[in-house]
Amino acid sequence: MKIIADENMPYVDVLFGELGEIEYVNGRTLAPEQLADADVLLVRSVTQVNEALLCQNQQLKFVGSATIGTDHVDTAYLKSRGIPFTNAPGCNATAVGEYAFIAMLELAQRYRQPLKDKKVAVIGAGNTGTATARCLEAYGVEHRLCDPVLAAQGDNRQFYELDELIAWADVISLHVPITKGGDHPTWYLFDQQRLEALKTGAWLLNCCRGEVIDNRALIEVKQRRVDIKLVLDVWEGEPSPMLALVPLVDIATPHIAGYSLEGKARGTFMLYEALCRVMGKTGENSFHSLLPPFFLGSMQVRELGDERALLTLCRTVYDLRDDDIHFRQSGTDRLGFDKMRKNHRHRREFSALKLENAKGSEVNWLSFLGFSNVG
């Protein structure tokens with residue numbers, strides 16, 4: 001069995017090597033002739049999977065995408081050909097939620113405005129939005145959710161209207177899929193009018209899709225309104241962001257908010273499990289066997305004096321400033337953007353760090369934030 005896999009997808013050898021012959025490809029430049037004799041295709045969001053890509057293949061048995069979203073896959077076409085498809089919903093939700101939370105702490109420290117004093121709007125309450133809200137809940141930050149799609153589907157959480165939240169929130173964190181049609185399109189959800197409506201001193205974070213914000217309008221508004229603080233992990237026109245925008249952003253990274261080792265491993269492992277089911281096999285690998293040990297065995301934390309101490313603890317696991325610096329130095333062009341994503345292998349989630357003697361102490365809440373608690 002021939003398996004075509006994106007070269008930037010981790011743990012493919014370990015997991016899929018037992019199932020067939022693996023050939024790695026550049027997911028962004030993948031061509032139909034490269035898939036002519038493939039049995040399995042494993043992709044990320046940079047590959048458009050559609051009839052044009054698969055036109056030379058008549059034997060494909062499985063397509064897997066190690067992503068939360070599916071907007072890059074023509075699922076209707078795959079269904080018409082009887083090709084099983086799976087993605088990895090929620091695989092990197094924890095990583096995205098922790099990224100957003102750390103970014104808020106970084107802004108709070110930089111501008112001496114405690115996050116605890118902020119009101120946060122989480123726009124999009126799916127996997128990543130829920131993970132962000134979970135971090136805010138653990139720390140005791142007032143927050144509200146907006147998700148008209150989930151509200152219409154009967155989700156029993158309390159939701160608010162978007163424009164109501166724009167007027168209310170000090171911080172807005174975006175976690176929606178990109179859609180152009182339907183009752184609630186998200187393409188340019190934040191257009192010039194909504195950007196102008198942001199509260200004085202508002203923080204705007206985008207960890208979902210670049211085109212959820214009109215980036216040209218954002219440049220124009222930000223040049224006039226220096227009070228607005230920006231965190232952008234995603235950009236309109238990726239992998240070539242508008243260069244005029246980058247210097248205006250407080251924290252800038254190349255679409256790596258979900259790029260933790262745990263998230264990457266979880267995504268690939270979910271595809272492995274799905275393919276095993278399609279083949280009627282029992283997988284021989286386990287998820288936890290994929291992860292290397294954290295550089296710290298454990299840490300004693302009996303108290304956190306202030307928000308700076310919390311940020312220091314978070315930086316022990318992931319220092320977002322490093323990626324911001326690296327991106328500005330070498331990641332803003334097409335090649336640098338993709339290279340940084342490809343080589344991003346250092347990020348861990350809070351759960352990698354074990355806290356000793358935290359149970360029953362005043363920092364027991366850190367387990368709800370995601371840190372491992374060993375007693």
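Note that Cβ sites are derived from N, Cα and C of the backbone, with glycine treated the same way.
The substrate site recorded in Swiss-Prot comprises Ser45, Tyr259 together with one of Thr29, Thr67, Thr253, Thr268, namely Thr67. The annotation in Swiss-Prot ties Asp147, Asp233 to NAD(+), and of the candidates under consideration, Gly154, Gly258, Gly263, the one tied to the same site is Gly258. Figure note: comparing Cβ neighbours within 10 Å for the recorded positions Asp147, Asp233, Glu238, the maximum is reached by Asp233.
Here Gly258 (NAD(+) binding site) is compared against the recorded positions Ser45, Thr67, Arg209, Glu238, and the shortest C-alpha distance is to Thr67. Proximity of His255 (active site, proton donor) to non-local residues of its own chain (separation of 6 or more, Cβ distance below 8 Å) is seen for Asp233, Val234, Trp235, Glu238, Phe337, Arg341, given in sequence order. Residue pairs drawn from Ser45, Thr67, Tyr259, the listed substrate binders, are separated by up to 13 Å at the Cα level.
With Asp147 (NAD(+) binding site) as the anchor, the candidate recorded positions are Ser45, Thr67, Arg209, Tyr259, and the one with the nearest CA is Arg209.
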